[in-house]
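What TrEMBL annotates here:
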- Ser162: active site, charge relay system (ACT_SITE)
- Asp239: active site, charge relay system (ACT_SITE)
- His273: active site, charge relay system (ACT_SITE)
Amino acid sequence: MVTISAPFPPRRRMALKQISSNRCFGGLQKVFEHSSVELKCKMRFAVYLPPQAESGKCPALYWLSGLTCTEQNFISKSGYQQAASEHGLVVIAPDTSPRGCNIKGEDDSWDFGTGAGFYVNATEDPWKANYRMYSYVTEELPQLINANFPVDPQRMSIFGHSMGGHGALICALKNPGKYRSVSAFAPICNPVLCSWGKKAFSGYLGPDESKWKAYDATCLVKAYSGSQIDILIDQGKDDEFLSNGQLLPDNFIAACTEKKIPVVFRLQEGYDHSYYFIATFIADHIRHHAKYLNA
């Protein structure tokens with residue numbers, strides 16, 4: 001095991017424990033563990049260091065995974081490393097929720113609690129102490145990455161899949177100028193209107209539905225007044241969660257059109273919700289981000 005001490009002031013100092021390191025497309029795919037201040041538990045994240053990181057600082061691209069995933073799904077199934085190596089991007093993939101918090105009910109269902117943090121800051125008991133994935137992804141994790149890895153803090157983008165696509169969209173829309181670009185695979189676009197979102201938001205944020213809108217991409221677009229951001233979305237046409245009303249991309253597209261926010265939405269014939277779909281189009285998404293990150 002390799003331990004790296006982070007140069008934080010005393011309150012924010014964290015140690016990184018390396019869990020694994022594998023050579024991949026000339027770079028290194030690594031996994032680390034650290035004690036999270038926001039989530040009050042041990043968390044793992046994956047980081048890919050391209051060959052270019054050996055000689056200078058690279059842009060940082062954050063990936064947010066979907067329901068039930070850990071940091072492992074994306075790094076082992078998507079094949080993103082080849083494109084990240086070619087374009088010189090450091091790619092960071094965190095877990096999807098706090099782990100092992102011993103909260104009653106956290107492991108009862110696959111779409112709430114463990115593996116289903118929904119990238120919000122919970123305000124309801126018993127979740128609010130640990131379930132702060134929004135702050136973890138937008139603040140704590142980037143600070144940790146910037147302090148310990150050869151990345152340029154001014155060049156950062158974000159993308160994700162399903163629940164993580166929702167996460168990527170809201171992180172970009174809630175923080176104008178923070179991310180150079182954003183993209184998503186089959187994102188949950190309008191969670192206040194779908195059963196996954198209603199279950200998660202009522203549990204984490206309480207019964208007041210007006211509070212839910214702060215974490216809904218479609219609602220955020222309607223109120224967006226920040227700098228221009230170009231959005232890329234790929235959606236499989238044969239995705240069961242599209243047909244059963246969980247994803248609702250049409251609502252998001254309509255809101256973007258009304259606000260004149262550029263969005264490229266590609267409905268991919270014959271593709272489903274799986275990592276086979278992601279692997280097919282991942283290079284397009286890396287290229288999308290590289291265009292802005294390497295500009």
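Including glycine, each Cβ sits where the backbone N, Cα and C put it.
Here the features listed in TrEMBL are placed on the structure.
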residue: Ser162; record: active site, charge relay system; CB count, 10 Å: 25
residue: Asp239; record: active site, charge relay system; CB count, 10 Å: 22
residue: His273; record: active site, charge relay system; CB count, 10 Å: 21
